[in-house]
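Report on the following structure.
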Amino acid sequence: MLKKANRIEPGSQQERSLKKHNPWIICTCSRQCYITLITGCYTCEWQIKQEKKSRPGPCCCSGKEKIFFPFLIISFLLSVVLLFVWIETSNEYFGFDWVIFLGTGYWFFWSIVLLSLFGILTAYSSLLVVLAFLLVWEGYELYLHWCHKILILLMILLCSFVLWILCQLWQERWLTAGLSLQIFAPYMHLSGITVMVILSWPVAFYLIHLEEEVRMRRYKMMYDRETAKGCNILTKLRALQVAIGLPFFLILLCLYIVPLGIHSPCIQEEDKLGPKPDFFGHRGAPMLGPENTMMSFEKAVEQGAYGLESDVQLSYDQVPFLMHDNDLRRTTNIRNVQPNASIIHSSFFLWSFLSTLNAGKWFVQSQFKPFYHMKPLSRADREKAENQRIPKLTDLLELAQKEKKIVIFDLNTPPRKHPLRHTYIRHVVSVILASKIEQHLIFWLPSFDRQYVQSRAPGFQQVGQLFSIERLTKENISRINVDYKRLFYKGLKDYKAANININLYVVNEPWLYSLAWCSRIHSVTTDNIQTLSQLNHPYFFMTPGYYMFMWLLMDSVSAVLIFAIFYFHWWRESKKEMFNNSIHTDLRSLSLQQREHGSQDSTNLPIKPSFRVLGNPWALSAFYPALTKSTKKQPGSCHFLVVPKKKSSEPEQVKETIKPLRPSKDDVRQPPPTEKTFEPTWDAPREATLETALPSLKVNKPTISSLEIAQSKTEPEKTSTFESSQQYSFSVFSTISSMFSYELTSKKN
């Protein structure tokens, strides 16, 4: 009868004892959950099927999966490239959001939305790649669910479309990515070596495993007649080794020698580092106050700005005022005052109307916040911002004259039908001269009608753009104002060699400012003056000697670690191979010994000392033919064999065809007199007990021929098939053999 199992209470002494003496149960449960998790996430099948196990060989998936797997890799690479480009171009987020605002009329952080989207796509594709690697590692066949396949195809289309847009409309963003590589290349090199060391573990494991598979295939070909098929498999295995190992070592070699081609401005001697670049407050300090307002310019002065940058428009009654956009929707309350006139060009309004508009309430509203990482305003600054108005150009000139700050501005051309359409340059020059500001404090940027400006106001410092050096020399221009992306082209060395001062716009990220500092740039225009002004030393700066030391150290340590990892895997596989060879030798010697003693009586078979086997060479079908077909295996290192009940429909011919082993008198050979035989006492109760305990031994007792056949069939099998029931097979065979010999000896006596 079956006994009813007692329930084990959580936290009881029985549970602690179970965990202490049976740790494999906990490991089995944890592993089963782990396999279920990775299989369910990849295939969306939460029930593990044994037939999904991949067959031994060079491939781990079906033909359809082999066709689709490159699409997964392509989606991963595209998402990584897109995420990298978008992160490195964070300096352009405001410009991107502003362009979207011009088209939609609604302000939102679209750049942050795209950043989150690209991050999610990269994480999703990376997760699928990692899951595929883990499934291959565990020996399961790859089968990606159709939902994942559809999403991957959509990812490829989306990433390709966005990259095409960037190539067509924002080609200069790739220059920003190139600048980031200039400053981050040394650190990416060191990080890449670290990643290769981590990847060397699975690569070494797989390469050594494939080498072991090749050896096992060659061993099997010694007993297999299909030599051509085996050679094809060996060729595929070798090709797979080359496909995995060759790219790994080529990339590693490139990482070892890539510092020879790295040129980073931030790798230089300390004494060659130029002075810290000056700051021009872009529209003042737009992160501390509403842009192009007096509060913003005052905040820039407080942060130590060298100059103030602004944008000048002309009202319909010829009053220069400060405004960047052509309309008033974004930075004023025109929608509340005159909703129908919100899209009209600001130059068509009179100054009497413009001076009444509020230019600061939008700044304190979260939905119109211009920068995502802005710090919250204090209560006093909040109240001051809410009361800001549109300033005139003369207001800015008065502040600059008072604080002795440089003024530089973009002068927008008035629209058609404006009274100053063709004479706006001369009108603005007359306004500046009438303000009594010192002329050397004016950096004149507009290139239109420059000769008139030089003749009317010779004290103005002329600022050019990225013109040729010959033109700059001809027009007597000693300073240029260029986009920071132009720094990618040889660092503007030709202009610095010609003693031309360079101002870069718009630099907001600390790494970009550090790159400009290391490149000996004279000044930058920035929105983030409160952060950049706190830098006392450029980021990512290192001396050539220090970088060479780190380079050689990382290369040496990584080479030693990678060699140690490969040697460890080779040593472990060699140890397994030596053990497997010893097992095969024992099996062959045992077979020869059984053939030599085949002519002797079965009762005089000596009981050999127990030996250890890796697999299950002594199949239970030799002892119980009906047992192995219905054996129930439990997960884990131990297998529980359950003997099924005898069916009523089972024919009774078994007892007739398989006769019980009864040694006759003629077959029994008496032991030599010199040996001392063991004569156990046999009594009826012991015999009854044995017959009750082993009822099937009398029916299906093994013969010598069955043992030899079972062993000869299992000799050429691979060692990999032996590793499932190592300890249990030995215990079953030794126990049955001992009982069988004991019964024969007892009955003989």
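A Cβ is built for glycine as well, from the same backbone N, Cα and C atoms used for every other residue.
Copied from TrEMBL, the annotated features are:
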TRANSMEM  67-87  transmembrane segment
TRANSMEM  107-137  transmembrane segment
TRANSMEM  149-171  transmembrane segment
TRANSMEM  183-208  transmembrane segment
TRANSMEM  239-258  transmembrane segment
DOMAIN    277-536  domain 'GP-PDE'
TRANSMEM  546-568  transmembrane segment
REGION    651-680  region 'Disordered'
COMPBIAS  651-669  compositional bias 'Basic and acidic residues'
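A contact links the transmembrane segment (149-171) to the transmembrane segment (67-87), because at least 3 Cβ pairs that are 6 or more residues apart lie under 8 A. Tertiary neighbourhood of the transmembrane segment (183-208): same-chain residues 133, 137, 241, 244-245, 248, 251-252, 255-256, 258-259, 262, 264-267, 511, 514-515, 518, 539-540, 542, 547, 550-551, 554-555, 558, 561-562, 565-566, 568-570, 572-573, selected by CB-CB distance under 8 Å and a gap of 6+ residues from either end. Where the transmembrane segment (239-258) meets the stretches 67-87, 107-137, 546-568, the count of C-beta pairs under 8 angstroms peaks at 546-568.
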